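For reference, the structure is listed below as structure tokens.
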């Protein structure tokens, strides 16, 4: 395995690998089928832009080692992580997989990150702001990299996650980078519930977003709630839209105008009467 890794084309980076991978894993499940492996390697060789026989032999060796090792599941699935580790450097692997190791399960935490790095409150993350995010990320994981490498990795991340190629990332792009888990509110069916069930669900919902446990939603807690609420009816919202919806919610629910949404205020907005 080590020899095969050393001989595979070093020019392949995370962005290039991701571009090829997406052809086969369009739903981003994180694996491809064993039956798709030949086509995957054909695209890999074509993307490398060379007809080097030695390289083709090495790719074939990687495939053989992959099939003879325990990297193929009983269902015939091959994980992206297994293939990427054979072709990408340690740092390039890190760019693809750091988010899989520490996925976010709470929109409040996600919005804290969004607000921190959208420093100019434009509703987008620029390349410079993404660079700051990656710098902090590498430091958090105790990885030392040069400024030149940081610029290169920022460029790579933009290639991978800037879906509409406008040179900036929106809310949905960052959610993909951070592997934000499924919308918490999807599990609740408020309209189809009895009054008691709605009250019980409300308690769960409020507790989920009241991360600080103060009895009021404020700052990123409001942001997280608004994001999840709006995405129930509009699957893809921008940072600008989120700010608009946030203002509307505060205008309607923040009765005492303290910039927070008290538990009783949110209940009133949702047409519920709760015990003090």
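Heads up, residue numbers simply count up from 1 along the chain you see.
From the backbone N, Cα and C atoms, a Cβ is placed for every residue, glycine too.
Here Swiss-Prot flags 12-47 as domain 'EF-hand 1'.
Close to residue 25 (Ca(2+) 1 binding site) in the fold, though at least 6 residues off in sequence, lie 31, 32, 80, each with a CB less than 8 Å from its CB. The Ca(2+) 1 binding site annotation in Swiss-Prot covers 25, 31, 36 and is backed by a curator's inference.
Residues or ranges marked as domain 'EF-hand 2' in Swiss-Prot (evidence: sequence analysis): 58-93.
Classification of residue 77 (Ca(2+) 2 binding site) by DSSP places it within a strand. For residue 77 (Ca(2+) 2 binding site), the count of additional Cβ atoms within 10 Å of its Cβ stands at 15 [all protein chains shown]. The Ca(2+) 2 binding site annotation in Swiss-Prot covers 73, 75, 77, 82.
What Swiss-Prot lists as domain 'EF-hand 3' is 105-140, and the listing cites sequence analysis. Sequence-remote contacts of a segment are chain residues at least 6 beyond its ends whose Cβ falls under 8 Å from one of its Cβ atoms, and for the domain 'EF-hand 3' (105-140) they are 98, 150-151, 153-155, 157-158, 167-171, 173-175, 178, 180-181, 183-184, 208-209, 211, 219-221, 223-225, 227-228, 238-240, 242-243.
Within the same chain, the residues at least 6 positions away from residue 129 (Ca(2+) 3 binding site) whose Cβ sits under 8 Å from its Cβ are 117, 118, 119, 120, listed in sequence order. Annotated Ca(2+) 3 binding site per Swiss-Prot: 118, 120, 122, 129, in sequence order, evidence recorded as sequence analysis.
Annotated domain 'EF-hand 4' per Swiss-Prot: 149-184, in sequence order. For the domain 'EF-hand 4' (149-184), the predicted model reports an average pLDDT of 84.
Swiss-Prot lists 162, 164, 166, 168, 173 with the feature Ca(2+) 4 binding site, giving sequence analysis as the kind of evidence. Counting every protein chain shown, the number of other Cβ atoms lying within 10 Å of the Cβ of residue 166 (Ca(2+) 4 binding site) is 9. Secondary structure at residue 166 (Ca(2+) 4 binding site), taken from DSSP and collapsed to helix, strand or coil, is coil.
If you look up Swiss-Prot, you'll see 197-232 marked as domain 'EF-hand 5'.
Summarising the annotation, Swiss-Prot assigns Ca(2+) 5 binding site to 210, 212, 214, 221. Residue 212 (Ca(2+) 5 binding site): 13 other CB atoms within 10 A of its CB, across all protein chains.
According to Swiss-Prot, the feature domain 'EF-hand 6' maps to 240-276.
According to Swiss-Prot, the Ca(2+) 6 binding site annotation covers 254, 256, 258, 260, 265, on the basis of sequence analysis. A 10 Å cutoff on Cβ-Cβ distances gives residue 256 (Ca(2+) 6 binding site) a total of 8 other Cβ atoms nearby, all chains included.
Annotated pair residue 258 (Ca(2+) 6 binding site) and residue 214 (Ca(2+) 5 binding site), C-alpha to C-alpha distance, rounded: 14 Å. By the criterion of other Cβ atoms within 10 Å of the residue's own Cβ, the least surrounded of the binding-site residues 122, 164, 214 is 164. In this structure, residue 258 (Ca(2+) 6 binding site) belongs to neither helix nor strand by DSSP; it is coil. Within its own chain, residue 36 (Ca(2+) 1 binding site) has 24 as residues 6 or more apart in sequence whose C-beta sits under 8 angstroms from its own. Residue 77 (Ca(2+) 2 binding site) sits 48 Å from residue 260 (Ca(2+) 6 binding site), taking the Cα positions as reference.
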